[in-house]
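Read the structure below first, then the notes.
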Amino acid sequence: MATANLRRGYVLGLTAYVIWGLFPLYFKLLERIPAVEIIVQRAVWSALFGAVLLLFWKHPGWWRELRQNPQRFVVLAASGLLIASNWMTYVWAVNNGHMLEASLGYYINPLINVMLGMLLLKERLRPLQWLAVALASLGVAQQVWQLGSLPWVSLVLALTFGFYGLIRKKAPVAALPGLVVETWLLLPLALVWLLFFADGPTSETAFWSTPEALWVVAAGPVTLVPLVCFNAAARHLPYATLGFLQYLAPTLVLLQAILLFGEHLDSSRLTAFAFIWLALAVYSFDAWRSLRRLPQPG
């Protein structure tokens with residue numbers, strides 16, 4: 001049974017990260033639609049699809065618990081704005097030739113989490129964690145020196161997702177209900193935008209009779225299915241294994257950027273990636289070594 005659960009965990013985890021890693025292929029199908037319009041539609045269809053999913057959610061007490069702690073709605077509203085900002089930056093990057101920067105941002109994210117833990121949660125870093133953060137900082141500094149500006153796409157993606165995770169710690173709601181409630185709280189903003197500011201393709205009635213409309217509607221399941229797979233995988237896999245699997249998504253994005261969409265990995269970018277990869281190797285080794293030192297059950 002344990003082996004079967006582990007195998008199931010690997011399949012589910014790989015499914016989640018492969019879907020996340022292939023997001024650029026999906027968003028390229030919507031390339032003519034502005035990023036903000038895609039995100040508004042994504043919020044709407046995720047809210048609707050999420051409502052259907054929650055009808056089958058096995059933990060029905062989540063809504064009662066949320067209503068008994070109304071301050072969590074405020075936290076989820078803030079985290080919803082952060083994840084929407086993350087989504088919009090990512091979609092813009094994919095459809096404007098900045099997939100390499102997007103990939104770099106998600107490579108940096110675990111190290112940003114370490115820094116946020118140190119600065120805001122007063123967590124103490126181990127020596128190898130300090131080394132990993134220093135190497136990542138050198139990678140970012142190298143980009144600033146070469147380009148003359150901050151790699152803002154990478155930093156916005158890493159910081160919004162890092163703060164998103166940090167804020168969600170303040171609202172202990174299961175991942176799926178939490179994300180669905182976030183999209184529900186985004187709905188008023190989305191509807192205002194659709195009613196008063198929408199002037200792109202999806203605002204035209206004729207659009208909804210085209211095949212492209214199906215891809216827009218698919219934003220709901222495309223957003224939520226990998227999250228469901230990830231949550232299920234987390235119940236069957238060691239945390240360290242999930243930590244290693246998370247690098248699959250940015251690696252797939254990196255490969256698509258170079259092999260499919262013609263983005264150039266020049267020596268400057270390669271140097272930055274090398275610093276980040278080395279930092280992640282140090283970080284992963286430190287995490288693995290720390291887990292080995294924990295007392296084993298039984």
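Note: Cβ is positioned from N, Cα and C throughout, glycine not excepted.
Here's what Swiss-Prot has on this protein:
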TRANSMEM  9-28  transmembrane segment
DOMAIN    18-141  domain 'EamA'
TRANSMEM  38-60  transmembrane segment
TRANSMEM  72-94  transmembrane segment
TRANSMEM  104-121  transmembrane segment
TRANSMEM  128-145  transmembrane segment
TRANSMEM  150-167  transmembrane segment
TRANSMEM  174-196  transmembrane segment
TRANSMEM  211-233  transmembrane segment
TRANSMEM  240-262  transmembrane segment
TRANSMEM  272-291  transmembrane segment
Run the contact check on the transmembrane segment (128-145) against the transmembrane segment (272-291): 3 or more C-beta pairs under 8 Å, excluding pairs closer than 6 in sequence.
yes
Tell me, please, if the transmembrane segment (174-196) and the transmembrane segment (272-291) are in contact, taking contact as 3+ Cβ pairs under 8 Å between residues separated by 6 or more positions?
no
Long-range neighbours of the transmembrane segment (150-167), counting only residues six or more past its ends (CB under 8 A):
75, 78-79, 82-83, 85-86, 89-90, 92-93, 98, 101-102, 104-106, 108-109, 112-113, 116, 120-121, 140, 143-144, 272
Can you tell me how the residues of the domain 'EamA' (18-141) break down into helix, strand and coil by DSSP?
99 helix, 0 strand, 25 coil
Surrounding residues of the transmembrane segment (211-233) on its own chain - C-beta under 8 Å, 6+ positions past either end:
8-10, 12-13, 15-17, 19-20, 23, 26, 29-30, 33, 38, 41-42, 45-50, 53, 174-176, 179-180, 201-202, 242
Is the number of Cβ-Cβ pairs under 8 Å between the transmembrane segment (104-121) and the transmembrane segment (72-94) three or more, considering only pairs separated by 6 or more positions?
no
Average model confidence [pLDDT] within the domain 'EamA' (18-141):
90
